[in-house]
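Annotated in TrEMBL:
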- B:6-251: domain 'Malonate/sodium symporter MadM subunit N-terminal' (DOMAIN)
- B:12-28: transmembrane segment (TRANSMEM)
- B:40-58: transmembrane segment (TRANSMEM)
- B:70-95: transmembrane segment (TRANSMEM)
- B:107-130: transmembrane segment (TRANSMEM)
- B:164-186: transmembrane segment (TRANSMEM)
- B:198-218: transmembrane segment (TRANSMEM)
- B:230-253: transmembrane segment (TRANSMEM)
Amino acid sequence: MIIYGVGILAFSFLMGQFIGESLGHWLGINANVGGVGFAMLILLTIKEWFLKKGWLDSAFEQGVDFWSKMYIPVVIAMSASQNVKLAVSSGFLAIIVGVLPVFLGFVLFPFLFKKEVI
Amino acid sequence: MTEILNKLLDKNSLIFGFLLIAIIVYLSEVVAKKLGKGKVPGSALAILAGLVLAYFGGVHTNGEKGLSDIPLFSGLGVFGGAMFRDFTIVATAMGASYQVMKKAGRIGLISLLVGVVLFFVTGVAVAWVWGYRDAVSLCTLGAGSCSYIVGPVTGAALGASSEVIALSISAGVVKAIAVTVFTPIAAKYIGLNDAKSAMAYGGIMGTSSGVAAGLAATDPKLVPYGAVTATFYTGLGCLLCPSLFYIVVIKIIEIFS
């Protein structure tokens, strides 16, 4: 049943957000701390557990898969609702922040990889 | 006739939002194929198109929520709001598997940490040089340099301004395009040619759409290996940027001021 997949996803999401909110409260930041990350870990853990139990069927996976494929459309909708007009005034910053670390990554990668640091 | 249509779209704004995004994605794919010869991912172009539309929306309404401030397009604000955004990101975790990650093991884990730290620190440093001094903006921009998802998630969690969140998304989009375009060029110089190196590369660069598209242009066999580590990058970034990294940035600002 597709709705079971969606249900497990919703459960993981709410649990993760709860942990994130609680952690933020506990750290005194008054913000959600890593709720999305925790939710992802919970979903992965549940998925592994279901896999072992043999409860993972294709309909179940479709319930989650649909939403995972919607994330780029959602991000597009999100960019369309951002305050870009204000951001444009410092547009060059976005380009430097986006490109500079990529080049640093290219420079560092062979050193890290060949020297077996990673 | 127009009245009926307006009423219909007003009542079903979210559904109209789905249609709008589908049209934007379709046009972006067409443009990406014709102009970029597949070098620029359609999704990255579509996100850019969204930002451009948000700009015109902002100019038109003088509001803060881009295109969604125009009543006709209000559904975009719901579709692209925090609830759907976080829900769909969590769903992407399903694509990662413990078994494959075990194979990547140490390489994946360490490269992920190195990658998130490298991009975050560089992003924060550039933002600092640019003149930002508050921890929330610095962290959001550093997170934006990780990916166009980590940026807004961090910004939303820390309560950053819409302007800084938009900047962080732009930075993430620029990064995805840069990774896509430069991966096939850089591959032979940096030794990116087998499964192991692809796993490390996915961890360092993160941005899943950029890594997947970049590796596809380099060697399609490498795509799943790069993608499997890259999938964890966003989760790790979302976990670390608004928490541990934020606290570290606050401490460093205290030392320097």
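Note: Cβ is positioned from N, Cα and C throughout, glycine not excepted.
Automatic prediction, not curation, is the source of TrEMBL annotations.
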Long-range neighbours of the transmembrane segment (B:70-95), counting only residues six or more past its ends (CB under 8 A):
6, 9-10, 12-18, 20-21, 57, 60-61, 149, 152-153, 156, 208, 227, 231, 234-235, 238
Most Cβ pairs under 8 Å with the transmembrane segment (B:107-130), selected from B:12-28, B:40-58, B:198-218, B:230-253:
B:198-218
Over the domain 'Malonate/sodium symporter MadM subunit N-terminal' (B:6-251), what is the model's mean pLDDT?
84
